Every structure is written in C-alpha cells, then in structure tokens.
Amino acid sequence: MDYQDYHEPVLADESVSLLLTLPGVYIDGTLGGGGHSLRLLRKLETLVGESLLVGIDQDSHALEAASEKLGALGGNYRLVRGNFGMVKELVTPIARGAALPVMGFLLDLGVSSFQIDTPERGFSYLRNGPLDMRMDPDGPLTAADVVNEYDETALAKLFFRYGEEPLGGRVARALVSARSTAPLTTTGELAEVVRAACPRKDLAIKTLSRIYQALRIEVNDELGVLEQALADGFELLSPGGRLAVISYHSLEDRIVKRFFAARCSADWGPKGVALREPLTPAEAVLVTRKSIEATAEETRRNPRARSARLRIIQKL
Ligand SMILES: C[S@@+](CC[C@H](N)C(=O)[O-])C[C@H]1O[C@@H](n2cnc3c(N)ncnc32)[C@H](O)[C@@H]1O
C-alpha cells in the first residue's frame, strides 16, 4: 500500500513543543501516519536522559504507515495496536519494563486523511463505499448495523446527540422508510436518503457531515473512549507530566475542557463553609489558558486544521 501522503499532522510544532519537557515515556495515543510521533522522537533525542515513545493506534494501516515513516529514524520507540481507551493496560507494562516515568500523553482525535480518503473504509459521503466507518477494521459494530438496525427513536436521538443535527428526526424517519424496501449498504445510498430528507438543498452538505459524524462517533464509541482515556492517561502520568489533546468538534472539546477544568480546580466543599484547606486540592495546572488554534498559514495549507483546538494540562 502507498502510505506516502497518509496524513498531514495538525498543530504539530505547538503540540510537540508544549507536551515535551522532561525525559521519560511519551505516549502518542493516535499514531496515524506518525507525523506527531516523528517530531516527538526528534525532540526526545535532544533531551539529556533516557526516553521512550509509545505509539498506539487501533488501525493496522496506521501502524504500517508509521513504522515506514519512523523506521529510518532508529529512535527509541514501540508501536502498539490497540484502543487508547486501554492506555493504562497497554502502557503500564512497557513503562515498568523501561523503568521510566510517563511524562506525556498526546491525543490527536478523529480519523486520518488516509482513512477518510479510502472509499472501502466508508467514512466519507464524497466517496462511495461500504457503510463501515470502523477505525478498528475488526471492531464489532459497523455504520450499516446502526443505520439498518436501530429504531427510528434511537436514530433520531443519535443524530441530535452526536451530530447536533436539527433535522435528526426527519433523517431518522427517511432512513427507516428507505430501509423498509432493502437494507442500505453503501455511503452513496445513505447520502442520497439524507439529501432527499433535507428541505433546503443548499444546507444538505452540513446535514450530511453532521449525520456522518454522529454515525462515526457511535460506531467507534468515540466519546466514551475519550473520557476513559483522559482519566486513565492522567492517572498514568508522573508529577510534571503533561496531557495534550487536539479535538476537532465541540462535543470532543467540551469533554476535554470539562475534564481539564475539574483537574485544575480544588474542591472547597459546600458554599458557606469556611475551610482552611480544600477538601481535595487541584491535581493539575493549565498549560494553555485558552485553546490553541492553527494559524491562517497552516489552515491554508491544511484545511483539516481549521476546526482544531489544542489544550494541555500539567500534573502537579
Ligand atoms: C487524526 S489521526 C492522527 C494522525 C497523527 N497524529 C499523524 O500525525 O499522522 C487519528 C488516528 O487515531 C486513531 N484512533 C482514533 N481513535 C482511536 C482509539 N480510540 N484508539 C486508538 N486509535 C485511535 C485513528 O485510527 C487514526 O489513525
């Protein structure tokens, strides 16, 4: 397979320079084509002290592409196939074996350009392919299962919750009616039903992308896995370690923002009770007060960067 233009990393300089401070284990939980990992490895080589990079992805193509990219570098790294929701189970034995503290965890959420641009993966309404959308090609649930088996109420809820799509109910009704003749099997068929359900054809593109986003989140349990990874990844970090997340839509960013705010504030108990010390002190500090966004230059070069938001905290 040709992995030449697998993925252009987003906010690469910003995320790497703010994540990496002290030697130790660094986890790239979303390895993809290895764009961030390559830069992390290069910077790790400049630090005094032993370090190790652990790259995780649930897609075997990502592991192949990244090992092609990192192979020539010969740095100290391990690539692991798995879900970043299992970061604790995947990384604890590696960090113990290396006898190094975990000092950084990076998540660059969503799908890679390679995944979107490969029609067989079924992520895009612009390319006809099977209704799949699994980031892990061996995952248990496909978009076809959701579209053909969920009832109308469940589909409508899904489109409102994960797509924030005002026409969710209408699209759900249209899907249930369309599949009563024959199950939907391709991204092209799904796109046709969604387009036909839109009263304003000029807004159909927005509806399509929200419906596809909702299905992708459901198929990969993206938000549930993110919450798990934030909690477990933070626990893995040694004091001074940093957690960096690049998110691409408001649902992801909200989860990250809330998690960071909770870790960075002390619990002073109920209002009106004057305590000398908080019940539980803050566990982290914000490295980025506000989220960091891509420059106009990066957005021009890489339109994917337009919606990216980078947030980082440091464990106390
Ligand atoms: C935006 S891409 C990352 C691109 C990468 N930073 C680069 O520079 O090439 C996201 C990657 O994370 C992977 N991914 C998404 N969710 C995952 C999860 N829960 N566990 C493991 N990998 C995941 C996807 O398969 C995809 O390869």
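Cβ coordinates come from backbone N, Cα and C, glycine included.
Where the annotation comes from TrEMBL, it is an automatic prediction and has not been curated.
Marked as S-adenosyl-L-methionine binding site by TrEMBL: Gly34, Gly35, His36, Asp57, Phe84, Asp108, Gln115. DSSP assigns Gln115 (S-adenosyl-L-methionine binding site) to a helix in the three-state reduction. Of all Cβ atoms in the protein chains displayed, 22 besides its own lie within 10 Å of the Cβ of Gln115 (S-adenosyl-L-methionine binding site).
For the binding-site residues listed here (Gly34, Gly35), the lowest count of other CB atoms within 10 A around the CB belongs to Gly35.
His36 (S-adenosyl-L-methionine binding site) falls within a helix when secondary structure is assigned with DSSP. Counting every protein chain shown, the number of other Cβ atoms lying within 10 Å of the Cβ of Asp108 (S-adenosyl-L-methionine binding site) is 25. Under a cutoff of 8 A between CB atoms, and with a sequence separation of 6+ in the same chain, the neighbours of Asp57 (S-adenosyl-L-methionine binding site) are Thr30, Leu31, Gly32, Leu63, Ala66, Leu79, Arg81.
The number of other CB atoms found within 10 A of the CB of Phe84 (S-adenosyl-L-methionine binding site), across every protein chain shown, is 25.
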